[in-house]
Structure formats: C-alpha cells, structure tokens
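Among the features that TrEMBL reports, repeat 'TPR' is placed at 28-61, 62-95, 130-163, 232-265, 266-299, 368-401, 436-469, 542-575, 610-643.
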Amino acid sequence: MKTCSKIILISLIMLIPLCGCSSKEDKKAAHIQKGSDYFEAKQYKKAEIEFKNALQIDGTDIQTLMKLGNTFMKLGQVKEAFSVFSSVEKKDPDNIEALGTLAKFYFLDKKLAETQMRIDKILEKDPSNIGALFLKGRVLARRNQVDEARAIFEKILEIKDDHVGSLHAIAGIKAKEQKFDEAEALLQKAVASAEDTTQTRIVLAQFYIARKQLDKAEEQLNLSAAEHPENAGHQILLGNFYLKTRNMEKAEAAYKKAVEIQPDKNRPLVILAGFYNLTGKKEQALELYRKACAIDPDDMNTRMVLARFLYRDEKKDEAEKELKEIMNKRPGLASARRLKSEILISQKEYQPALQLLSALEKDEPNSHRVQYFKGLCYIGLGDPNQAAASVYKAVELKPDYIQAKMLLSEIYFRQHSYELTVEQTTGALRLNPNLYRALLIRANAYMALKKFQDAENDYRYMIKLNPDNPTGYYRIAYLKSGMRQFDQAEPLLEKAYSLNNKLLDVFNLRVRNALVQNSFEKAHNLCTQQMETFKDNDKLLAVIHNTRAKIYLVEKNMDNAESEFKKAIDISPDYLAPYNELAKIYLARKNIELAKKQYKTIISKNKKSASAHMLLAVLYEVEKNFDTAEEHYRKALDINPNYAAAANNLSYHLAARTDKLDEALALARKAKTLYPEDPSIMDTLGFAYYKKGLYGNAVVQFLDCLEKIPDNPVVRYHLGLAYYGKGEKALAGKELANALELKDNFSGAEHARTLLKEINKG
C-alpha cells in the first residue's frame, strides 16, 4: 500500500511541470488568437496588448513579434515597429518579411546602403521577389541611375504586367524625359489595372495638375470620389484640389461632404475646421475643432491641433489649459512640448523654454523645429552666436526651411556678416522668388558690401511685387543719395512720401539731401510741412523740432539750435534725443558739466538707458576721472551685457590703467564675439593681449585691424609695441616710424618716439 502511494505521488509530481508548460502554451496561444482577432477588427491598441502578453510568456516567438511589429505599423508607432522588426532580424537573419520591412524603413530614412544590404539578402534567396525588386529600382532611381532603375521596373512588369508601382515609376521617368503622352498612357494603364484601389486615379490626377490640365484632374478626382462614396478621404482630396485652384465654394462643399460621410470620425472635422481657419471663419473653426476633440478625447494629436489653433488665435489662456491637460496625459508628447516652448518664448521666458527644448533635442536630435526655437531662445538671451549655430543646424536638417533661412539671415546681418546674409537670403529666394523681406535684407546686405547694382535690382523687384509699399522707393532713393544722384533720388522720395507721409526715414532723407546741397530753406520748409502732419502727436512733433535744431547746427546757428532742442524737450520731456544733442552743444562750448547734466537727466528719466551711462563714462574719461568712468561703463554693461562699445571701452581702460588684465581680456573677447569685424575692437583685443604678454596673439589682432584701417597711427603704434615685446625690433621700429609719419601727436606719440630712438641706438 505504501509502495503504491509513493508511485502515485511521484507520478503526480512529474505531471505538474508538464501541466504548467501546457498551461503557458495555452495562454500564449489564447493571447495570440485574441490579438489576431482584434487586429482583424482594426482594434489595434487591444491587439498590441494581447501580442505583448504573449511575448511575456515567450519573447523569442518570431511570428508573434512580426504580428506586434505590424500592429505598431497600423498604430503609426514607427519607432516601436522598427525596434520590433530589428529584433526579428537579429533572431532570424533570413526572415524575408522583416528584411523587406526594414529595407523600406531605411529607404525612407535615406540610408540607401542599409536598404541595399537587405534587398540583396532577399533577392539572393528569392530573385523574383517583386517587393525587393521594386525597392531596388527605387534605390537606383534615388541614386540617379535612371537606366538601371528603368530596367528593374520593366523586369517587374515582365513578371506582373499590372504592377502599379512599376507603372507609376516608369511613368515618372517618361515625364522627366518630356514624354508626357507615354507617361499618361502608363498612368491610365495603372488605373485600369487596379480598379479596386483609390491611389491610381489620384496619381493620374496629380500628373494632370502638374501639367496644368485642371479639367482632367478634376474629372479623375470626381470619378475617384464617385467610385468610393463611402470613403471621406476622396472628398478631402477633391476639397484640397478646389482650395488649390481657389474655388472656395466647391472646396467647402467637398469638405462638408467628407464630414457627412464620416460624421463619427474626427479627421474630416479637423480638415473642415482648418478650411474655416484659413478663410477667416475663426468661430466656425473653433466649434469644429472642439467637436472633433469630443469624438475621441484620448486622441492627443487632434487636441494638439485645437491647442495650437487657440494659441495662434490669441486665446493663450485656453491654449495653455488645453496643453496642460494634454501633457498630464502624455508628458512625453513632442508636439506638446514644442508648443509649450513656443508659449514660453512668447512670454519671454527664454531660459525655461531653452531647458525644455534641450531635453526635447535628446529625443528628437533631427528636429529642425527644435533647433529653430532654440535659436529664438538664444536671441532672447542675447547670445547671437549660439542662436546662429542652432538656426544653421535647423537649415542643415531641413534645407527648404524658409523661416529658418530668414532668421539666420537676420542674425548674420546684425553681426555684419553680409556675405553670409546674402547666402541665406538667396537660398530663401530660390524657394520663393517673391519673398519681399528676403529681397529687402539681401539688398541691404548688398549695400553694405558696396554691390550697389545688385542692391538696386532687388529694390526694384520689391517695387514690382508691391508698388504701393514705400520701402522700395525709399531704399533706391537712399542708394542714389549716397551716390549723390539727387536728381534721381528726389522723385523716388516724393513717391514714397505720397504713399505714406508719416515715415520718418523718408522725411529725414529728404532733409539730409537738402542739407548736402546747401538748400537750408528747403530743409526748414520740409520741417514745417512735417510739423503740420504731426501736430496732434507730441512725441513725433518733438522729433521734428529736434531735426530742425540739427539743421541750425549745420548752419552753425547754435543759439537757434539750442532753442529748438529745448522746444522739443518742452513738448515731450521723455523724448531723450534732444538731451544728447544739448550735451554735444555744451561740450562744444567746453561746458562739460552742462553736458553731464543732460546725460544724468536721461538716466533719471530712463534707468535702463545704457547709452547715457556709456556717454557719461566717456565724459568722465575726458576729465580723467577714470574710477567714475569705470563705474558708468559697468552700469551700461549691467543694463545691456552685450553692449559691445561699453565692453570695448572698459576693456581698454582696464588694460591701460589697472592690473585687471584677465577681465580686460575677457571683455575684449566678448566685444569681438559680438562684432568680429569691428577694427576698434580688434585694436582693443590686441592691446589686452599685449598687456597680458601674449605678443603673438596681439600681433595677429593688430594686423587684422590694419587691413581695415591701414592709416591709423595708434594701431601702428600698438603693433610696434607688440613686435617690440616679441623681440622683433626691426619690425617694431618700422611700425613706430609709420605711426609717427601718419601723425606726430597721437596719444602715445611721445612714447613711440622714445622707443624708436632706443631701437635705433641698437
């Protein structure tokens, strides 16, 4: 009896693991079956869960991995799909389906070598694999090996004469060869070969649109919609066609029809809302966006469309509320984080925006928009070099990104990098030849480069694009005035003035031209005319009195000038320019105290006036009150850390008169970063290097400076000092002699003579 019990017990123990294995296999099979059922029912999220459950039981099952990968594809989760198919490739390197899918991924990512490697593996095992052959043809076409690509597509048609992709591909080649009839015939054959699909008619319609055969295109799109009345997508395509051809009534009707076909889907509603947004019907757009979100509150992409609409429609509080809810549910959603950064930038919260974008960059290293908005942050933070680097990267990532090219051109222009400005604006104009602002910036850069004919050509094209905009007329007048062609400038200025008589630039240039030609009466008459225009605007009226005062200065009528400046101050006490001008008058009269008083008044009215501190510092330097001068330079830099002139002057003061040489060098380097082509800054940086004993570095800066201002005695003197410090006495003597020959009483001339005598003695 005991023996029998033992046998039964041992048998039970042996059966337990077998039952466990069987139970696991059953569970796995059940999950796979459920997942497959959900997949067939297009319930892909539920299918994903079931396939993942099956893989928790057996993570090596290739078929289940393939099912999960295909599910991710249906969900649009491309990264996850790629990861799964890559895992299959590692586990089963000869899996043709996985290789084919990965080849498509790599092709879309423009990694042709990776694509080719997988195609070759497939064709080695299955030389007639149409999918691999077709992708091979596309790779060859991408590499501009057109004849080889054509041969592949023709080979496919020998295997399957109605292969739509190959018919389309050869049609594309024929179209590029201007063989449009042959291309059309192939596209029509594709339509006949695939009556159960929708894409062929759409491709044929696109061909007709490109050929500007709009009636034929409309016919194909209508046929496509009629053949598939249950498919809202065809009505959307038809609506897009009508929108492109400016038939707004038919476009609206098509979009509405799409909503009628699929009233329970959010996409047609979003499309119709976008149409209303585009046509200025904001309230109707908002209503439809909200309705689309209500259909599926968990569709964060649709909710993001609503949030962005609210933000752009200046409903920022509502936008932020919507965005907060989205980010609570999907904290990692890239589009939400990008919009949050945009909102922060609009609120001038540049540092938090930059932190958000830097974190986003780790997840999206190839996002051009992330780089663009980083550039905006750096501009806001006063770091133009970092801004340029980020925006340049945005352009690299997306070469047709016009917005980034324009921003980069503006950064370069502010940095006086005019050749680079021309390069970026020209790139933008290749993409859109009628981009008004690009023409303006490029023309202004040409002006700075003294390429006057190129500048004039751009300005004239601006006039052609918009003859009612005064800018083009004014800019050509400015160019002609600089060339002293006043007879050509005057009618252009009159035209600009007739278009807008309140433009101060136009008024100022008319006055300046009158003064250059000694037409003082005309200049005063222009002021009288403009005063009448601005009689109800105290600030602008004060500006004209300030201008009239400057006319008196040119006439050397100091008393009348002083009187007009005071009138300007009486009319608009917070207008600061007259205080500056009065200070200059008092300086000319050697009355530094009254001059300082004007700048102190400016500071009392505007605590953030960096320029007033800067000019006050210069006056204190004139009085040799260097400590107070330093104090005001520092205040100017506290207000504006990127005030290059203040950084430059403070650097020179520290290098020349103190032992704060490290700070002097840092300030000079900063100024050079801000204005790399400014010769006075090059000189200061060279002097700071010289004082630090870095004579080689100093020589480089002084030589660069002299390329721009070769006849400056002080820079020659400084170069002589640097050569002397290096022990190159012959070169030092030559530069010191050159300096004294240019001017014998410059600051430092006495020391130059003493040092030159010492060198000559040997």
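Each residue, glycine too, has its Cβ placed from N, Cα and C.
In TrEMBL, annotation is done automatically, which means it is predicted and not curated.
In the predicted model, residues of the repeat 'TPR' (610-643) average a pLDDT of 91. With DSSP states grouped into helix (H, G, I), strand (E, B) and coil, the repeat 'TPR' (436-469) comes out at 27 helix, 0 strand, 7 coil.
Remote same-chain residues near the repeat 'TPR' (130-163) are listed as 100, 103-104, 107, 110, 112, 115-116, 119, 122-123, 169-170, 173, 176, 189, 193-194 (criterion: CB distance under 8 Å, separation of at least six residues from the stretch ends). Mapped onto DSSP classes, the repeat 'TPR' (62-95) shows 28 helix, 0 strand, 6 coil. Broken down by DSSP into helix, strand and coil, the repeat 'TPR' (130-163) contains 27 helix, 0 strand, 7 coil.
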